[in-house]
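Structure in structure tokens, see below.
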Protein chains: 2
Amino acid sequence: MSPFTMDSNLHQQLMTADQISNLLAKDRQYVWHPFTQMKDYEQRDHVLIQRAEGIFLYDAWGRKYYDTVSSWWCNVHGHGHPRIKEAIHKQLHAFDHIMFSGLTHAPGITLAERLVQLAPEGLHKVFYSDNGSTAVEVALKMSFQYWQQVGNTTKTKFIYLEGSYHGDTLGAVSVGGVEQYHALFKPLLFHGYKMPAPDLRAAGGHTLADEAIVAEQALAPVRELLQLEAEQIAGIIVEPMLMGAGGMIMTPAHYLTELRKLCSAHQIHLIADEVATGFGRTGTMFACEHAGISPDILCLSKGLTAGVMPLAATLCSDTIYAAFYDDYMTQKTFFHGHSFTGNPVACAVALASLEVFEEEAVLERIQLTIRALETALHGSGLAALPYVANIRQLGLVAAFDLYEDAQRKMPFPPEKRIGAAIYEAGFEEGLILRPLGDTIYYWLPHCATPEDVSDIVSRTLRVLNKVLG
Amino acid sequence: MSPFTMDSNLHQQLMTADQISNLLAKDRQYVWHPFTQMKDYEQRDHVLIQRAEGIFLYDAWGRKYYDTVSSWWCNVHGHGHPRIKEAIHKQLHAFDHIMFSGLTHAPGITLAERLVQLAPEGLHKVFYSDNGSTAVEVALKMSFQYWQQVGNTTKTKFIYLEGSYHGDTLGAVSVGGVEQYHALFKPLLFHGYKMPAPDLRAAGGHTLADEAIVAEQALAPVRELLQLEAEQIAGIIVEPMLMGAGGMIMTPAHYLTELRKLCSAHQIHLIADEVATGFGRTGTMFACEHAGISPDILCLSKGLTAGVMPLAATLCSDTIYAAFYDDYMTQKTFFHGHSFTGNPVACAVALASLEVFEEEAVLERIQLTIRALETALHGSGLAALPYVANIRQLGLVAAFDLYEDAQRKMPFPPEKRIGAAIYEAGFEEGLILRPLGDTIYYWLPHCATPEDVSDIVSRTLRVLNKVLG
Ligand SMILES: Cc1ncc(COP(=O)(O)O)c(C=O)c1O
Ligand SMILES: Cc1ncc(COP(=O)(O)O)c(C=O)c1O
């Protein structure tokens, strides 16, 4: 399949060339795109998408692209899933948005119940918000206020990991460990403790023992800090098993199990940010399951609505909830809320998505895709390329790093912007790749078939060949 | 109309009593509602909404309520507007959500164009996010980074007003002036300058001269601060004309016009948070129009999608945009973005809402409602009640304060929770009132008719009579 082949199912009217260039001129005139140096688009255009179906996006010229990053790690069942559309139509027939304070509604209630049933045990209360960043803000504020209200008032600081990413609101930025995104805003951030990440790339081999060594190396300074300062610390926030924006850093389960013990021993909240990893992406419903642990607070978004519309949830333990539950005049209310909290349409979509998980036995089905991905990564000649290193995978997510000399781990000069070149070349091969620096990754939707996977990897090889020879 | 009368249009199946109590039990078990002391609901239930149409919400028992607060100040054209539903269906037919970085789409582009056309002049670029809090976070970070990049690196602080509210993420909380919501989180907040609000309640009369006195009183300390410290200050953030969550504080246009001059003279960004006031609520499309000024940065959300689903936009001047536009390697990118940035469905809804504004000549039509509200407020005997003071109105928003002795402005003891009692009694009269402390307010949707308005005020009088005798 060439990306330039018109798709036979293309039932949308294509735009005329004039309409397209008109829209793109307006894009340039009016729109400031997220995480984008707009000058990068001085000479070329953003890709104008006109249709999406399953794993494919179609641009206004009718060109077809694999959405290999699931539209920023959000999409789950493919674009335009009929069950999701149906759920939206049904909900809109009943009611659109209503306030979720003083009032309540069936989709919000039922979704909360389903989330509690599915989540790691002990997480019994659901607080909704709108996106991953706010899910994290809620978690931080909840943890902070909890300690104030149980009389442990010195516990005001948070631990976070190097290379972690938890969103772009200033609370979330304060616990972010990607210098490039956050350094500038230091004067606006609260102070926290940055600890090393247990990056599995540092493991000599792939045995559990190797993983444990990496984990213990990263745990040592945490143990030390907690010995000395646990009384100052409210919680630690981590992206369990897989640190996305920091460069698809995969981390050992051992780290999480030990961290869970440490947190319990020292009375520290373990906050699991599963905004990206939740809802099956790592092969299990939640990434915490790989380690068999429960956090005290769990942040969800992105895949929660199958990637269709904004919604987030922060789940917490009964212990935390209980510390806020008191007579109004004791002033223990959690004064947090967003206008669109518990948006009924988004909740209905999330419920439909969870039904699709059941009806289509999605978690079983993806195991095949996951194995196909493994096969493609290791059987395709990718590993033999002199500029490829650190091929890694967890569930539907895989990544590798590009080096000028992979053997000696000599990076490309940053000004070469190899990742950006791969990205551009990807479009020509019908791929939406979106490298993080020189890390190329896939973040596949659950609807990807084994055939899609091998096609995607072959196309990637062609892209690499084109750009790196 | 009694709220207990079944509505003849009620085409939804009602739930059985068992289904209702089952849902409400689950609500209590699983849901943590926003801005809510959950113990307040130990003995009573949240109101379970099952349908919404126009200005009315219907609970699971078929009872009908006026949505006098427009579902937390969001709803614009009434619930279930057919044009909005149609827009959603059409957009879902084409594509649901796609990433807005590297890719672009017609609804996002066209909406940006429309917003620029409608907004106060000079605001030429649109940066999307998901809710009011993130719109504010974007504004703060944009302003902060701007000064860093134009070499004015000491400009790192923000001014905000007493009683202001800009959202619940920690950046937004840092510029929030409602102590009750924010005091606890001090250790997590960045430092700013809190200035007095030009509260029109302090005006002796209602002439422009009276207003100017109030404005000048509030401006004096700002002038003083800027004389001394303008070099430390990046921007000032205000809710133009109407400070919502702080207690429906109405402020004079004169304050804004003078503030605009001050900001220009001292090189300070004027950030207008119109998350609540935008899209006609105050009688003009944007509240800034009352003062004929343009801010440097404008925050929008809530009514942007007619209150149907989460979406936000931060608009800024070309000057600000230009400071970020450079070669990638100069590291001037604005590294901010949310997964659901520019959600196509939400953008399509916002576009449809703006079309309804035109098709139904909404801004003209509401002038009648606004006058009806004025008549009802002043002709209904409300002003004569011994416990009512400070009746005030701006567009579709009106408020008054309850006092034990209104003449002497003696408040009720807080533990009496008069506002909460009014709220509860409101349900019995078919009203969703949601007082802020002892301030009762209406925040009417644009679909409210003059008849609705007089009915709502009559019902309110009955509620007041019941609770306060
Ligand atoms: C782990 C993690 N947390 C939080 C966020 C922030 O979510 P949002 O972009 O919806 O604000 C992201 C987004 O990529 C994420 O990957
Ligand atoms: C003026 C103003 N700014 C910001 C916000 C925050 O918006 P959101 O609740 O969508 O985060 C609000 C919400 O009420 C508001 O009234």
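Positions of Cβ are set from backbone N, Cα and C atoms, glycine also.
Predicted automatically and left uncurated, TrEMBL annotations should be read as such.
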Quick one: which of B:Asp67, B:Asp273, B:Asp401 does TrEMBL put in the pyridoxal 5'-phosphate site with B:Gly132, B:Ser133, B:His338, B:Ser339?
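Candidate listed by TrEMBL for the same site: B:Asp273.
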Cα-Cα, whole number of Å: B:Trp72 (substrate binding site) versus B:Ser339 (pyridoxal 5'-phosphate binding site)?
24
Just jot down the residues in the same chain as B:His338 (pyridoxal 5'-phosphate binding site), at least 6 apart in sequence, with C-beta under 8 A of its C-beta; none if empty.
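B:Ser129, B:Asp130, B:Thr134 - these are the non-local Cβ neighbours of B:His338 (pyridoxal 5'-phosphate binding site), listed in sequence order.
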So which of the binding-site residues B:Ser133, B:Tyr165, B:Asp273, B:His338 end up next to chain A, with Cβ to Cβ under 8 Å?
B:Ser133, B:His338
Cα distance, B:Arg434 (substrate binding site) to B:Gly132 (pyridoxal 5'-phosphate binding site), nearest Å?
20
By a 10 A CB contact count over all chains shown, which of the binding-site residues listed here is most packed: B:Gly132, B:Gly337?
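Buried the deepest by this measure is B:Gly132.
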For the binding-site residues B:Gly132, B:Ser133, B:Gly337, B:His338, B:Ser339, which sit with their CB under 6 angstroms from an atom of ligand 2?
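The qualifying binding-site residues are B:Gly132, B:Ser133.
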Through the lens of DSSP with three states only, how would you label B:His338 (pyridoxal 5'-phosphate binding site)?
coil
Between the binding-site residues B:Lys302, B:Arg434, whose Cβ has more other Cβ atoms within 10 Å than any of the rest?
B:Lys302
